[in-house]
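Notes follow the structure.
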There are 2 protein chains.
Amino acid sequence: MFGVTILGNNSAVPAFDRHPTSQVLTLNNRNILIDCGEGTQIQLIKYKIRRSRISHIFISHLHGDHYFGLIGLITSFALLGRQQPLTIVAPDPLQRIIELQLQVADTKLGFELNFITIKETGPLLQLPDVEVRCFRTDHRIECYGFVFKEVRNLRRLNIEKVKEYNIPLSFYDNLQRGEDYNANDGSIIANAILTTPAPKPRVYAFCADTRYDERILEHIHGADMIYHETTYHDALAQMATERFHSTTKQAGRIAQLAGVKKLLIGHFSSKYDSLKEFEIETREVFPNTDLALEGVSYLIPQ
Amino acid sequence: MFGVTILGNNSAVPAFDRHPTSQVLTLNNRNILIDCGEGTQIQLIKYKIRRSRISHIFISHLHGDHYFGLIGLITSFALLGRQQPLTIVAPDPLQRIIELQLQVADTKLGFELNFITIKETGPLLQLPDVEVRCFRTDHRIECYGFVFKEVRNLRRLNIEKVKEYNIPLSFYDNLQRGEDYNANDGSIIANAILTTPAPKPRVYAFCADTRYDERILEHIHGADMIYHETTYHDALAQMATERFHSTTKQAGRIAQLAGVKKLLIGHFSSKYDSLKEFEIETREVFPNTDLALEGVSYLIPQ
């Protein structure tokens, strides 16, 4: 399983029961939170996301609608008796803000809280199942997008051949890691006969808050799915530029130029009650677009 | 109109669709926010409270469930174009936390944001229509309760007498301020004939988070209505003491000893799904008790 569940799809001021930015990326049994606007912990409960499985939280930038829910979530983790370590990845000075608030409340964490401070475009983190890179976006304050790339080192077993050559079950892991098999009769069965290459790793890119900026293309090129903000309709392109945000058609154009498979759009301005026009306008440029709807999971197939 | 509307009645961890502590005290056209847990701005929208009429926000203490919603509310005020000044009354170092967060987001406020730092029990603020005092409570960190006392200096006109003596409309304000009337014929009509004394000021006391502590009685004595926390049922009195909280019967006992007219209870632990038992137990000690229910306004009659 590799997909993203939307917890908040609105821009700064909450409206129409839409919430500030937050998403959960799920890879197998791991949840990774991307941005954490106010009320995220309540959205996590509402949509029955396993909070204990959140190992990492990535914060794109320090506008409040992207991180004001973080301190509440951390505090609740403490009160709920969390023990697993938690890593926060964010620009400066988030660590100082969080630590100050924990300190004045005299909050004792029963778990390890680690911070990774983002400083520039580049690799951020290498986990056993995913690697994460970040790229700078064109926003009013320092802001980063994230690229999550699945780690898929294990080759697929060719079950027919494996049975034909009577490979013992205990050797399957070695086969997946690419080893040849030495049979009892001294013969060697080449790995290439017994397995097929590892599947292509899936890639999700979260493009954060940004003006239209083709410099991000190199980072998201060929992704299976990207999220790109569409704060405004196409008619407000000038306002979008002035406020360091993007429009529907700009997001569609980025998806098109980057050759991605699917586009999710969100960060809708509180000006707009209905979201229908966002979908229509963006699909005119990039047909495989979906609105990022709260509570909905968007999966990338195998 | 003098009353309080409940926005959140739960203790630290949100549960059962109950929210962390926040209340709005309404006096005529003024709204005063008391505590501001995460999600308060969303509750304000939900219950159609006029945010623009919030002139002051009182924060009892710096546990997150009492103030994590404040920075989001202030940020939204800025985005919504607020111009009226806003005063935050809170213990140290809330000002530092808020200013740091505004600074890193490069948020420009179009209104004056003032801070009053609470340092000890005593008078806090004198407004034209209300005076506010605070008192220290027995909690794990520095924590204050608040007493809101209506200012009622204006005497009531005795309309019958006012008409009988042909007092001109333009002099009514002077009468209410206690002046005698000098008639054209040189006679003096004593104010006591034309008016009756100002009505007794109404008093609401918010007792914040606290252990059972009779030292607060002197501050809340005779109030029309108090809010006292009841985190736990009576059976968990020992846990309440250990965790610097109170039980149902303890809150009832405080209301009884203080000779107040009405008791509101809240800050319910997330242990409890139903609130019924809180009401039953507290009423055994103090019958005129109501659960502080979210979205409900509790008025103090004239």
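First residue shown is number 1, and so on along the chain.
Note: Cβ is positioned from N, Cα and C throughout, glycine not excepted.
Unlike curated entries, TrEMBL annotations are predicted automatically.
Zn(2+) 1 binding, as stated in TrEMBL, involves A:HIS61, A:HIS63, A:HIS139; the candidate among A:ASP17, A:ASP185, A:ASP209, A:ASP213 given for that site is A:ASP209. For A:HIS63 (Zn(2+) 1 binding site) paired with A:HIS267 (Zn(2+) 2 binding site), the C-alpha to C-alpha distance reads 13 Å. The subset of binding-site residues A:HIS63, A:ASP209, A:HIS267 lying near chain B, with Cβ atoms under 8 Å apart, consists of A:HIS63. Cα of A:HIS61 (Zn(2+) 1 binding site) to Cα of A:HIS267 (Zn(2+) 2 binding site): a span of 14 Å. Take the mean position of the Cβ atoms of A:ASP65, A:HIS66, A:ASP209, A:HIS267, the recorded Zn(2+) 2 site; other residues of that chain with a Cβ within 8 Å of it are A:SER11, A:ALA12, A:PRO20, A:THR21, A:ASP35, A:GLY37, A:SER60, A:HIS61, A:HIS63, A:ALA208, A:GLU229. A gap of 10 Å separates the Cα atoms of A:HIS66 (Zn(2+) 2 binding site) and A:ASP209 (Zn(2+) 1 binding site). Counting only same-chain residues six or more apart in sequence, the Cβ atoms lying under 8 angstroms from the Cβ of A:HIS139 (Zn(2+) 1 binding site) belong to A:HIS61, A:ALA208, A:ASP209, A:THR210, A:ARG211, A:PHE244. Cβ contacts within 10 Å of A:HIS267 (Zn(2+) 2 binding site), excluding its own Cβ and spanning all protein chains shown: 29.
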